[in-house]
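Annotation comment: TrEMBL describes 31-53, 65-84, 96-116, 122-141, 161-181, 187-208, 254-272, 292-311, 318-340, 352-372, 384-402, 408-428 as transmembrane segment.
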Amino acid sequence: MDPTLSAAPVRSPRFSPVLSQNRPLRFITFFYLYVMQGVPAGFATTALANYIAAEGISSDRVGTFIAMQGLPWSFQFIWGPFIDKHQSSSMGRRRPWVLGAQLMAVVASLGMLTISDPAGNVYLLGLTFLIHSTVASVQDASVDAMAISTIPEHERGRINAFMRGGFLAGTALGAAGLAVVLRNEGFHTAVLTQSAFLLLLTVVTFFIREQPGDTLLPVSSQYVITDNETHDHSIRWLFTELFRGLFARESLRWFLPILLVYSCQNAFIRAFNIHLVQQLHWDPTELSQLTGSYGILIVVVILLVGGWAADRYGAKRLLPWVIGTNFLILLAFSLAAPYWSDHRVASAVAVVWNMLDPSLSVVAIPILMALCRPNVEGSQFTTYMAFVNLSDIIGAFVSGHAQQYVTAPTIGLCTAAAAGLGAVFVILRREIYKR
């Protein structure tokens, strides 16, 4: 782990807004930082995707729109080495990156106001979200780097649950809340609501510091940086170490099946949602609200219980059980396809699906953190999460185009089969490891 900048001791108040000194603050901060990332994602991938699907936009164009929104997240590993290289500000190691990216995300969000008719300008809509996601991916990379350098190892399971829970809660809020605003008040009001929300939490972030000696504003005279605290690795060295860590045998053995299951989850739900809206004529707002009501309750329960279990029993021990459960649920969903026309069955599928991502995340993310190499741990963890985000793009794009040729139930069976392969791989690996 990289050493932190040294500074003169600072007397802390009863409530210290310093991450390194305040355990509850770490849980709260990383939760809401990921909520900020989730709200625009939920707005785009659920509220707007369902809205334009209901307006008659074809499934392949809906899939392309979602892919445009998510594309920058798959390249966020590029930012990691630069964040690891430039971390000597008096404001903290990662905080300047977080604040700068958050402010740019607010500006990019306001840029969506240039669109008057989202259904009539799908590709321009996708372009505005692509720009927003580009700056948001810098925020995500810097928050990931901040997390891995400030969270003690014994807290990782629970705080990782809060991190992923924050993203999923934000996604639900963007999906359900902004879907209602979109329907009742229009696209521009929904964009303004999103922008105001992001700006409010950016102001909150300004008053939170990483270390007690960090300054709110860049006042370099308060810091004395010693030679052994400088980060003088070249960008080339950082990228070399990053790719060594990513393509190490141990990394690939754990990460590939995890990535496969994430992709299966996303491919299923994209095909399922479009099927409900276009084939079964569901109201898109009602579908979006399912994610933000009962769905979020399931997310909270899974994350609280799963985070504790990951710390208590070990994430690697639980992973085969979690992936196996994902396989069985996807299989059951797909076999129930003849009953999707029953509103109660379809609602149950939409709600229960929400447990798949958090159940996998609470065991997968601690494993990925433990695989990260010293000096590039922020970059490596960010890259893992970039590929997790890429799984959403893959799922949306592939299932959207596949629905031009095959039905949603067929896509569901394919995702179940692929998840089953992931489960077999992880179980066999565990048995070999035991021997």
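Including glycine, each Cβ sits where the backbone N, Cα and C put it.
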Rank 65-84, 161-181, 254-272, 384-402 by Cβ pairs under 8 Å to the transmembrane segment (408-428) and hand me the top one.
254-272
Could you pull out which residues elsewhere in the chain have a CB under 8 Å from any CB of the transmembrane segment (161-181), counting only those six or more residues past its ends?
27, 30-47, 50-51, 147, 189-190, 193-194, 284-285, 288-293, 295-296, 299-300, 303-304, 306-307, 310, 354, 357-358, 361-362, 365
Decide whether the stretches the transmembrane segment (65-84) and the transmembrane segment (292-311) have at least 3 CB pairs under 8 angstroms, with pairs required to be 6 or more apart in sequence.
no
Criterion met for the transmembrane segment (352-372) and the transmembrane segment (254-272) (at least three Cβ pairs under 8 Å):
yes
Please check if the transmembrane segment (122-141) comes into contact with the transmembrane segment (31-53), where contact means 3 or more CB pairs closer than 8 Å and the residues in each pair are separated by 6 or more positions.
yes
Find the member of 31-53, 254-272, 292-311 that has more C-beta pairs under 8 Å to the transmembrane segment (187-208) than any other listed stretch.
31-53
For the transmembrane segment (254-272), sequence-distant contacts whose Cβ falls under 8 Å of one of its Cβ atoms, 6 or more beyond its ends:
63, 66, 316, 319, 323, 326, 330, 333-334, 340, 349-350, 353, 356-357, 360, 364, 367-368, 371, 384, 387-388, 391-392, 394-396, 398-400, 402-403, 408, 411-412, 414-416, 418-419, 421-423, 425-426
Counting only residues 6 or more past its boundaries, what in the same chain has a CB within less than 8 Å of a CB in the transmembrane segment (292-311)?
42, 154-162, 164-165, 168-169, 172-173, 175-177, 179, 318, 350-355, 357-359, 361-363, 366
